[in-house]
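According to TrEMBL, the protein has these features:
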DOMAIN    8-102  domain 'Ig-like'
DOMAIN    126-211  domain 'Ig-like'
DOMAIN    216-307  domain 'Ig-like'
DOMAIN    311-402  domain 'Ig-like'
DOMAIN    407-481  domain 'Ig-like'
DOMAIN    493-587  domain 'Fibronectin type-III'
DOMAIN    600-692  domain 'Fibronectin type-III'
TRANSMEM  711-736  transmembrane segment
REGION    794-816  region 'Disordered'
């Protein structure tokens, strides 16, 4: 195909530029016309073609001489007609502006106005000018950048593909201007990556394969196998890696198979990683580990177990069997078998042993013989033959039974010892009966004396706890236990910490450790779970009194918290308890029934009886689970103590005995449900002072805070004083009233005027009896009305009737 555009010459006037479009590989003609002078005379001329940006012409033609052509256009550029230029096999780089100049040799021209311009546009499919190699290598954990540069018209768009999917920029890949960067390379990133350049003229594709250098990856790990004795065992192990210079190493347990004396001559490792064990023995059973390596990174490993089955056999049968005289004893047959032993046949003195003929003899599950009491009848020579499903390997060597006395303690340690820290202490222990020196588990710096006693040169906190003296001879071992309390130390760590969390709170409970000989208190430490949790991120809450639980409030929902308990006494703080991690719950979407509900016990009362103070209460009104137990606490001063913390849920009363005389006691009750402890009930107070005139002290219910005893005494004294004053006033009023009525009897013919003022009645009770001492009515003096002279009339009997008084108009006094 040839495209031709003619550019007519101009007489001193520049022509308008022309535009030519062609596809790469085609032929195109850039037109240019020759205009002769007006006189019609044809003069010789020179044709020059320039490409914009190049100062010298790439094509020059003069009459019949061969044209001068730039090497870039050699073989492709030729003159078409008089001055037009034909370019064959157009290339993308041919695109641009071209100028044609026709120079008449006998004329002078303005160079600027002489040329004519043509723009050549070459439409070409994308072609790559720069691509990555077909194979690229990268280290595991590193990064790599692949770059593709493409040329074409129109300009192609370059994208990257992996397994047919276009890649976009993210944490793993960065795609920009035809470049692809792979970050944090892993083994999974290996494979083919394709660079695609596409435009309207077509597309081009280039594929590069990424090879990841790194340690091997086991694609086929070994599997557990079971073989019979004397058979061959084979483990397979296949790995992949780049570079692929793999070396396989096999281990039995922790040892290289070639370093195990009995195994190295019967194993072989193949180039593909396969391990073969020839003529397996029972001792070959265990864990085998495959570890491939290519000298890069950390070699992976995979393990499998070899199980060897073999008939039952006797191993290490002792020539002499010692049993304790007149004590229970066991005649053992040391058996090794896989599958397990199914039966054991015994012989005594060369004859089959029939165990049922010996009273107190029985055969155990492992085939051993249990003797209830060893006597002289047990003496003899024993052999055993074990069996399993594969049979037996034969009879055991003969073993002679020998009777021997067991050891016994001449001196036993006491039940417990208490000693201050830093002081010396000797715990006696001595044994006889051909024992070895008594042994004591090593826990601190101490000396075991020749007699067997334990000597502490300087007691420390770590010496606190249980100790055992063990005396052993060839037949048996005996033990004697004691407990050592080291006084004068900081507290020991609390144990059995339990945390029950809700949405915004957590109930923490624990068991106190040894207090070091002094009163100890506790504090609960907690904080949210963090990767960088520091000491300043922990919060602490002191625990009131000596209680062993605490409800921690103000927690965030759906948050993991760590809890620990710290004990302290006057010597300092002990170690923290174990750290317990729990997660608080979230707020419910709806409002379901509360999962845990426990209200305190109700109506706690205290009554004095001959046996002591009887405390009674009612169960909690609401609880979501059955009550486990009740706790009763008391206090004499400011601190609450536990009276009983194991009261069954079925009991609702308890008697407090052995109270200190002339003391004021306060009691409260708590309920326990699952791991939750309720709030305390109402507090009741009672005095242990016995009064000969009164009932054994009645129960007095007070508020949670309670009333101080001086306040109570003041109230009682005030009531008694008021009662006495009222009694005296009442008697005086009765006397005055009686005198007044006598005066009224002397007056006759007078009308009786009654006052309607309010009355005041007084009731006195003696010894809590309801008898009425007296009733008096008092009225104020009468004021005469204007114009009326008052007069009195004595009726036959008093017309007064006691008015009905409301309860608040009465005052009761208890006779002391």
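Every residue, even glycine, has its Cβ placed from backbone N, Cα and C.
Here the domain 'Fibronectin type-III' (600-692) returns a mean pLDDT of 87 for the predicted model. Look at the domain 'Ig-like' (126-211): DSSP puts its residues at 3 helix, 54 strand, 29 coil. Across the domain 'Fibronectin type-III' (600-692), DSSP assigns 0 helix, 50 strand, 43 coil. With DSSP states grouped into helix (H, G, I), strand (E, B) and coil, the domain 'Fibronectin type-III' (493-587) comes out at 3 helix, 45 strand, 47 coil.
Applying DSSP to the domain 'Ig-like' (216-307) sorts its residues as follows: 10 helix, 42 strand, 40 coil. DSSP places the residues of the domain 'Ig-like' (407-481) in helix, strand and coil in these numbers: 3 helix, 34 strand, 38 coil.
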